[in-house]
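Okay, structure first, notes after.
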Amino acid sequence: MTLRLYDSATRAVRDFEPLEPGKVGIYLCGATVQGEPHVGHLRSVIAFDVLVRWLRRSGLDVTMIRNVTDIDDKILAKSAEAGVPWWAWAYRHERAFSDAYDAVGNLPPTYEPRATGHVVEMIELMQRLVDRGNAYRGKDGNVWFDVRSLADYGSLTRQKLENMSTLEEESSDKADPHDFALWKGLKPGDPETASWETPFGRGRPGWHLECSAMAYRYLGETFDIHGGGIDLRFPHHENEQAQSHAAGYGFARYWLHNAWVTAGGEKMSKSLGNYLTAAEALGRVPAVVLRYALASVHYRSSVEFTEATLAEARVTWERIAGFVTRAAELTGPVGDDGAARLADVVLPIAFVEAMDDDLNVSAALAVLHEHIRLGNTALSSGEAGDAAAELSAVRGMLDVLGLDPLAEPWVGEASATPLRGAVDVLVEGVLADRSAARAAKDWARADALRDQLAAAGVVVEDSPSGARWTIKGT
């Protein structure tokens, strides 16, 4: 089956055909590092991490670009309010984003360009647009993109100009209210360090210009996939496409957008004040549980983020990790070389078909859980060969989702909380006493100890390699 992806531009699921056979270029709009990362930020990065993993598992060479917007009006305002240099404020929060992305197991991008490191490319693109008649100089060093100069403006979101919301900043300097800033002239009170010299005067780049210039720098005039949150479609992505098309570039061939994380049915966002920071979420559950909660829902469906969502994800993850751990103890892991061997695992056809169907993770997880059921049956009956085969398939599928319990960084994650650690110690102590009773052929005491554990919800399974235990319902 050919990989099919939902293209937001055509509003249809399309066969994915790379621009260059065997290679894929992806540009993902990264963070504007104005504050702490929240759960919504993690959802977007995890969704595209799964895409990258699947493309690579399918044999494609992926170049993944995820930018950092480290110069922005909000960064300047918040840093000034805090009495901190804008660049220090941006860098501090950039590190917080990177740490959060790493914590939930995302692969690093091929390149992670900062906007401030690519101002030269932005000025060159801006000059090109002015020369081609698509941009004009306003007052005070501002440079505006002329939306009426581009016939297909609005094509990404299928809007006519007269019906569009005016979300760009108001200014008497503009020829049309919908025109947007390519460059913002230095204003009184702005820090001199947050500006660069151009033929049009000193200032700083507009948000939309930044992404077009960085995408061109790393992926060229035309590339395969542009991604981001659904809230970026307009005006950001519409304006990115407009700039790049006006410059004569093909830009993105497929547009992918992930849905929101919601709280109480509303988008989780800083502006609404209903968000949970990444640090707060990671303080509630292990990082792998948070990843499972965000990755287990189709990327185009919203995730309602509640305590029940996290609790369900925790139970499911512990069931997954429990099987993998028990099976690996009996049969050994897939191989000592870990990732290399997992990449060679033949994945179940139904799993492949689900992932090729616009990354249908929900259907893929149904296949995963069926193989875990078969694996548990094999373990119970002592069929080591069948258990090993199921372990191989399960770990291969989990690797695609970034959820393999035996891979970094998840080794030991299922028992990482202090409570689970304490339970481990107590249960292992009782099992040691039971083992001693069995060795002494004190069957009554051995049975009593097992009943004691059962009353506490701990299920004990005896096997040739010793007793294994799980918590009932996990």
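Each Cβ is built from the backbone N, Cα and C atoms, and glycine gets one as well.
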Out of 57-61, 92-96, 167-171, 267-271, let me know the one Swiss-Prot marks motif ''KMSKS' region'. 267-271
From the ranges 31-41, 229-239, 460-470, pick the one that Swiss-Prot records as motif ''HIGH' region'. 31-41
Lys270 (ATP binding site) versus Glu240 (Zn(2+) binding site) - Cα distance in angstrom: 24
DSSP output for Cys29 (Zn(2+) binding site) maps to coil
Within the motif ''KMSKS' region' (267-271), residues counted as helix, strand or coil by DSSP: 0 helix, 1 strand, 4 coil
Between the C-alpha atoms of Cys29 (Zn(2+) binding site) and Lys270 (ATP binding site), the distance in angstrom, to the nearest integer, is 18
If you count CB neighbours within 10 Å, which one among the binding-site residues His236, Lys270 has the smallest count? Lys270
